[in-house]
Amino acid sequence: MNTTANTTNIIVGLSGGVDSSVTAALLKQQGYQVRGVFMQNWEDDDNDEYCSIKQDSFDAIAVADIIGIDIDIVNFAAQYKDKVFAYFLQEYSAGRTPNPDVLCNAEIKFKCFLDYAVGQGADTIATGHYARKEVRNGVHYLLKGLDRNKDQSYFLYRLKPFQLERAIFPLGGLEKPEVRRLAAEFNLPTAAKKDSTGICFIGERPFREFLQKYLPTDNGKMVTPEGKTVGEHVGLMFYTLGQRKGLGIGGAGEPWFVAAKDLTKNELIVVQGHDHPLLYTRSLVMNDLSFTLPERPKAGRYTCKTRYRMADAPCELRYLDDETAELVFDEPQWAVTPGQSAVLYDGDICLGGGIIQTTDKPVIITR
């Protein structure tokens, strides 16, 4: 728990889930002046069967009532659409696979929400993320959560120092089973509620059907690297590198995997076998760099995650210019995907990272 003696007025982002519920209950129990905010960030189809916003808001209000705190419902839908969703569609249109949760944290939860909370007189905000923060010589460090299965520092790497200074993560030192147990002890209605796995704030819905509402689709061939047609795709944007399920390619032999997208020919390049060489990468180039500390890390040796929950991969960081860097891995990495984030670590410290643009394999072909 990372608070300071004069941090008494805390506004908690209450999502209607168990993690934020326990966050608020713990802070209230510890004597802080706590208020809640439920963020409504999606309105396009919030009455359909897949959107949980209404139920989530009811759950957040019920939690606030049991804990004994006030709660505001604040609408950031316009900001979400402009800052997060537009980027989400742009990246899919370009053949990449974005991570909206990363941008949602940087632009909505730790910008719009933070600005709102400060305007309401809060000393700091709290969220239910599984991450930790330490202050050393006045510098705020973002650290991995102790529960390695739930660590969410990967999604927080774009937080700037001023955002970290105003944020706390009370669950960072807890494991998920303990959080569930505390929720039951606090008699919270979210104690047994399942974790959300959908797109940030949009919910769990059939992805293909959802994306088709916003982007045109164009069927094309699935081909091998040698040019042999083995199937048909329903639109390049619906596939990601390393994907195995949903390809619909029959026949004998090992399973098929997506290895690349040829945007010029509208072809999906597929290979057989998890260990096919085209699925492995020794280096990547990332841009749109963002770091959590006042000074960017020096070029040198670190570890990196190129997707959530992967094991840290030793690598060397080399800057190409102020906005671009190259990572060279000690060992080949599987299915490194443009549009996803490459996040750097020094031990448990999350240093920041960038958006993967290219790798040493031609995975997004545009000419």
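Note: Cβ is positioned from N, Cα and C throughout, glycine not excepted.
For reference, Swiss-Prot has these:
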BINDING   GLY13, LEU14, SER15, GLY16, GLY17, VAL18, ASP19, SER20, MET39, GLY128  ATP binding site
ACT_SITE  CYS104  active site, nucleophile
DISULFID  CYS104-CYS200  disulfide bond
SITE      HIS129  site 'Interaction with tRNA'
ACT_SITE  CYS200  active site, cysteine persulfide intermediate
SITE      GLN340  site 'Interaction with tRNA'
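When the alpha carbons of SER15 (ATP binding site) and HIS129 (site 'Interaction with tRNA') are compared, the span between them is 11 angstrom. The maximal spread of the ATP binding site, taken as the longest Cα to Cα distance among GLY13, LEU14, SER15, GLY16, GLY17, VAL18, ASP19, SER20, MET39, GLY128, is 16 Å. Between the C-alpha atoms of HIS129 (site 'Interaction with tRNA') and the residue listed as 'active site, nucleophile', the distance comes to 13 Å. In the shown protein chains, 24 other C-beta atoms lie within 10 A of the C-beta of the residue listed as 'active site, nucleophile'. Within 10 Å of the Cβ of SER15 (ATP binding site) there are 25 other Cβ atoms, across all protein chains.
Taking CA atoms as the reference points, MET39 (ATP binding site) and the residue listed as 'active site, nucleophile' are 12 Å apart. When the Cα atoms are compared, GLN340 (site 'Interaction with tRNA') and GLY13 (ATP binding site) turn out to be 25 Å apart.
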